[in-house]
Amino acid sequence: MAYLKIVLVALMLVLAVSAMRRPDQQDQDISVAKRVACKCDDDGPDVRSATFTGTVDLGSCNSGWEKCASYYTVIADCCRKPRG
């Protein structure tokens, strides 16, 4: 019976600690930008040796960025900041 009490207390402590998150930690989790690299048309023909200079943006490119891939997808575009 003592073993069961120890296990229950330990589980309650784990639950309490995991439930106590500071509000600023929750905000940081949401605002983290997740970027994925993509290959622009002028990066080269071979995917293995090309440097990926583009960034995948969901929907369409952000303001001030240009679409750098000729292929079309409904969900995302391959974009980068204009050169020059």
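Backbone N, Cα and C define each Cβ position, glycine as well.
What you see is a predicted model, and the numbers here were worked out from it, not measured in a lab.
Of the listed residues Cys40, Cys78, Cys79, Cys79 is the one Swiss-Prot pairs with Cys61, by disulfide bond. Here Cys68 is paired by Swiss-Prot through a disulfide bond, and of Cys38, Cys40 its partner is Cys40.
Between the CA atoms of Cys68 (disulfide bond) and Cys79 (disulfide bond) there is a gap of 5 Å. Close to Cys61 (disulfide bond), meaning Cα to Cα within 10 A, are the following disulfide-bonded residues out of Cys38, Cys40, Cys78: Cys78. All protein chains included, Cys38 (disulfide bond) registers 20 other Cβ atoms within 10 Å of its own Cβ. Counting only the Cα atoms, the space from Cys38 (disulfide bond) to Cys79 (disulfide bond) is about 8 angstrom. The C-beta environment of Cys78 (disulfide bond), restricted to residues of the same chain at least 6 apart in sequence and closer than 8 Å, consists of Cys38, Lys39, Cys40, Gly54, Thr55, Val56, Lys67, Cys68, Ala69, Tyr71.
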